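Since the structure comes first, as structure tokens, the remarks are kept for the end.
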Amino acid sequence: MNILLTNDDGIQAVGLRALYHGLKRAGMNVQVVAPVAEQSAVGHAVSLSSPLRVKKFEEDGFTGLGVYGTPVDCVKLGLTTLLETKPDIVVSGINSGANVGVDILYSGTVSAATEGALMGYPAMAVSYDSFKPEELTDQGDYCAELLKKIPWDSLGDKTVVNLNFPAVPVKDAEELKICRHTRVSWQDWYEAREDPRGHKYYWLNGVMPKEKISPGTDRDLLTKGHITMTPLHFDFTDREAIATLEQSFGI
């Protein structure tokens, strides 16, 4: 199985390296094209006003291409130009921090997988519910085995499998649950701070209100210790609103 591996935390991130080695141990051919620098929460951004430069990374049994660009840049450049062998699957992760609910709109990790799907490839995004993962070897091995079990040919066109791990060892996690994503939005605020020179700046903070999270959704199940899998599809159409608007305009 040929894999294009990318992420949004950067090519030297713990999660990407763990997933790389897990896939390699499973006998897969892994080609890495990932951002040189962290690109968290850049969404589906592409570089239009700056050139994309590429740097080769080789160390400690790892080899990959780092791109001075966004996660989506990496996937587009990799699939169209850089890869020697076309992949069977595009895999993005393992991200530091869960990607559930509205996170999927902000996430560079999910967007990279989505770009792979839009370009016609099966795709999976993988995240871990902690911003400070120390050891993700077992999660990497789990993903490698899961990739073999997913019926990719039977999934809908341009479907992304969004996988999230709870912040516990795999052996201590609750069973895998296939579920929908929560529709709860973040309640955001900005903390006003001051730098050493007396200049004001702002730092984003926020919470996802627990009381508004529906039972059985990704955030709910992940909090309860389950590994969650949510199939995503790029289609923002509000079909009910179509009928309402047609009636309003007499169409």
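Every residue, even glycine, has its Cβ placed from backbone N, Cα and C.
For Asp8, Asp9, Ser40, Asn95, the entry in Swiss-Prot reads divalent metal cation binding site. Secondary structure at Asp8 (divalent metal cation binding site), taken from DSSP and collapsed to helix, strand or coil, is coil. Asp8 (divalent metal cation binding site) has a Cβ environment of 32 other Cβ atoms inside 10 Å.
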Among the binding-site residues Ser40, Asn95, the one whose Cβ has the most other Cβ atoms within 10 Å is Asn95
